[in-house]
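The structure appears right after this line, and notes come after that.
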Amino acid sequence: MNETSEYEIRLANTVAILEKIASEFTPAVFASSLAAEDMVLTDLILRRQLNIGIFSLETGRLHKETLAMLDKIRATYAVDIQLFKPNLDAVEDYVRQHGVNAFYDSVNMRKECCRIRKVEPLNRALKDKKAWITGQRRAQSATRTELAVQEDDVAHAMQKFNPLADWSEDDVWHYIRSNNVPYNALHDKGYPSIGCEPCTRAIQPGEDVRAGRWWWENPESKECGLHVVDGKLVRIKAI
Ligand code: SF4
């Protein structure tokens, strides 16, 4: 089997998973971080007009290149991505008590910032849904090597799907280039993984693709809480 046919099988499987979610798990939503993997899923969902909502967490600390993706998506698909923003009082309290960049001070301070700016808005976005979708891949980091395509997300009481779990980085870029999918300009500036501006740096050739995320922490702590409950990764029950 050559490489192209293996890619085509992975693509066909991903489309089948998305179609199954759209028909059997309504209402379902896709949490897009507006990075390359998320644009593959956005393109697959919107071109097929699948019944899956798409939202993004606007943390208030995103790069201008990431925010520019909202206009690119509107221009390409005539669709507005729904934005969920942090509670303003919670952000103001954190900044007043700890400072605007306190996430550099400790893992706990970083996780508290992620809780306010990402986890609480995510919980609002997932309210009353039957399933949610992410663009995570196994090959992305030490924390994702056992990622399943379908998981029982006990914390949110719903199913969680990672339809790109077995995709390689080459698969992602092959899809983007062959389908003219718009992508975040930061990917051309050494950012394979993109988060908030103060917590993401460009990486050097040969570094792990998530080495630029919270680079001052050790690899095992590098999740934002979106996929973590009570300090543990939510990989409780792969299906
Ligand atoms: S990634 Fe950084 S700025 Fe963004 S929510 Fe987490 S700690 Fe805060």
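Glycine too: its Cβ is placed from the backbone N, Cα and C atoms.
If you look up TrEMBL, you'll see 28-202 marked as domain 'Phosphoadenosine phosphosulphate reductase'. Positions annotated as [4Fe-4S] cluster binding site by TrEMBL: Cys113, Cys114, Cys196, Cys199. For Cys224, the entry in TrEMBL reads active site, nucleophile.
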Number of Cβ atoms other than its own within 10 Å, given for Cys196 ([4Fe-4S] cluster binding site): 21
Per-residue pLDDT averaged over the domain 'Phosphoadenosine phosphosulphate reductase' (28-202), given as an integer: 95
Under 8 Å by Cβ from Cys199 ([4Fe-4S] cluster binding site), counting only residues of that chain that are 6 or more apart: Arg61, Phe103, Arg110, Arg213, Trp214
Assigned conformation of Cys113 ([4Fe-4S] cluster binding site) - DSSP reduced to three states: helix
Cys196 ([4Fe-4S] cluster binding site) in three-state DSSP notation: strand
Same chain, 6+ residues apart, C-beta under 8 Å of the C-beta of Cys113 ([4Fe-4S] cluster binding site), given in sequence order: Tyr94, Ala102, Phe103
For Cys114 ([4Fe-4S] cluster binding site), the number of other Cβ atoms found within 10 Å of its own Cβ: 23
